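Enquirer: Have a look at the structure that comes next, please.
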Amino acid sequence: MAQYSAQFNQAKVLVLGDVMLDRYWFGATNRISPEAPVPVVRVQENEERAGGAANVAMNIASLNVPVQLLGLTGLDETGKALTTLLQTQKIDCDFVRLATHPTITKLRILSRHQQLLRLDFEEDFKNVQSTELLTKLENAVKNFGALILSDYGKGTLNDVQQMIQIARKAKVPVLIDPKGTDFERYRGATLLTPNMSEFEAVVGKCDTEEDIIEKGLKLIADIELSALLVTRSEKGMTLLRPGQEAYHLPTEAKEVFDVTGAGDTVISVLATALADGRSFEEACFLSNVAAGIVVGKLGTSTVSTIELENAIHGRSSTGFGIMNEDELKVAVQLAKARGEKIVMTNGCFDILHPGHVSYLENARKLGDRLIVAVNTDDSVKRLKGETRPINDLPSRMAVLAGLSSVDWLVAFDEDTPQRLIGEVLPDLLVKGGDYKPEDIAGSKEVWANGGDVKVLNFENGCSTSNVIQKIRELKD
């Protein structure tokens, strides 16, 4: 499947559905309240994330694809906070704001990685007139390659049949993540993406693969779908279409930490790929890979183009390969939660030689994960002179990504990685050569966090300068 790509240059996706804001309060619980037999949580930090249809839009934006989001919110602080959060990710928000309803908000209180309580602030929109929302859809849909209707049963999709007909009239495929057991209301959609529980609640118990295929094809015929994608957790996913063989994909998940939002990821990647002109098979393959990535993260999460590209090309077995700083921080947080020891080193790695390979292998043996921070081309030029680097950053990163000792690669543009090391805070900082530990960039930050710093020896006679000199001598 290496010919598949996570670059969606032609895609534009429109999302309409139940938007909500997920709020998280994290704190310590060290005592019971004297007022009632409940724990007292001393809140230490909080976080806000887009939920529902807004998380679908976030998933699409993380793939560097233009996305517009339509939905209903209140005229309140929460609605403004949600809009601001989405706009920072370059999502075009066009909401109908209602003075009669609050923005749907879910507040979760957590301590020691356990959810203690969830507070829901909502009043469903089932009695709200959809005229303004339908007008917005009619004006916008013709400019997009796919429409996602994200149904969380909150009432935004009251007039879902009219929405489907508007999209069909514009010849835009409609993908729906369904809710409830009344699938008749989705008649005429291009594709539904129920999970196995939702599917069986509608068609009945499926004991065999044949049952899934037979009942799925009957459902397609009954409600006039073009296709049906049943997501089956650890059993992968199955695509069904009239007159064609079932297309089954085994799960891509290596480790499962949280399935929150996995369905949003599936439909987001699926719609993006179809909007980019990909086949159903390729779109399903890509969404399956993306789901395998996102369930390895905590909470409602998204998948980036880099993560998806790495996984497609088989680089996920050594971590997530090449990452940006934000992705690296998430990966490190998850690894530390699993009790893994993080080792970090850095360098230019202009011309990779046996000394580099041996050094990185030795560094990797000191922990469970190895991060390699690599100087950008401008950074190398400032340090080594105008004739360097010999190999540009993408080339250097690609070669390093091929080493089994390297888990994660990240670029930095400063002269030293001190800032980056101070933000990542590895358990062990490693540097090769004749440095004193206290002179290594980032050592003070690592020590202050309780980590350690170690100097490793390079192999004698192995250096990039020596390699360059030999090449020059041969040229002369």
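Just so you know, glycine gets a Cβ as well, placed from its N, Cα and C.
I grabbed these lines from Swiss-Prot:
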ACT_SITE  ASP264  active site
BINDING   ASN195, MET196, SER197, GLU198  ATP binding site
REGION    1-318  region 'Ribokinase'
REGION    344-476  region 'Cytidylyltransferase'
Enquirer: Looking only at ASN195, SER197, the binding-site residues on record, which one has the least crowded Cβ, with the fewest other Cβ atoms within 10 Å?
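Expert: Ranked by other Cβ atoms within 10 Å, the binding-site residues ASN195, SER197 bottom out at SER197.
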Enquirer: Nearest to the residue listed as 'active site' by Cα distance: which of the binding-site residues ASN195, MET196, SER197 is it?
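Expert: Of all the candidates listed, ASN195 is nearest in space.
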Enquirer: Under 8 Å Cβ-Cβ from MET196 (ATP binding site), six or more apart in the same chain: what's there?
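Expert: Non-local contacts for MET196 (ATP binding site): CYS206, VAL230, THR231, ARG232, SER233, LYS235.
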Enquirer: Write out how many residues of the region 'Cytidylyltransferase' (344-476) are helix, how many strand and how many coil, based on DSSP.
Expert: 56 helix, 26 strand, 51 coil
Enquirer: I'd like to know which of these recorded positions, GLU198, ASP264, is least surrounded, judged by other CB atoms within 10 A.
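Expert: Among the recorded positions GLU198, ASP264, the sparsest Cβ neighbourhood within 10 Å belongs to GLU198.
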Enquirer: Other than ASN195, MET196, SER197, GLU198 themselves, what residues in this chain have Cβ atoms within 8 Å of the centroid of the ATP site's Cβ atoms?
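Expert: So the extra residues in range turn out to be PRO194, PHE199, GLU200, ALA201, VAL230, THR231, ARG232.
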Enquirer: Please compute the mean pLDDT of the model over the region 'Ribokinase' (1-318).
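Expert: The predicted confidence over the region 'Ribokinase' (1-318), as a mean pLDDT, is 90.
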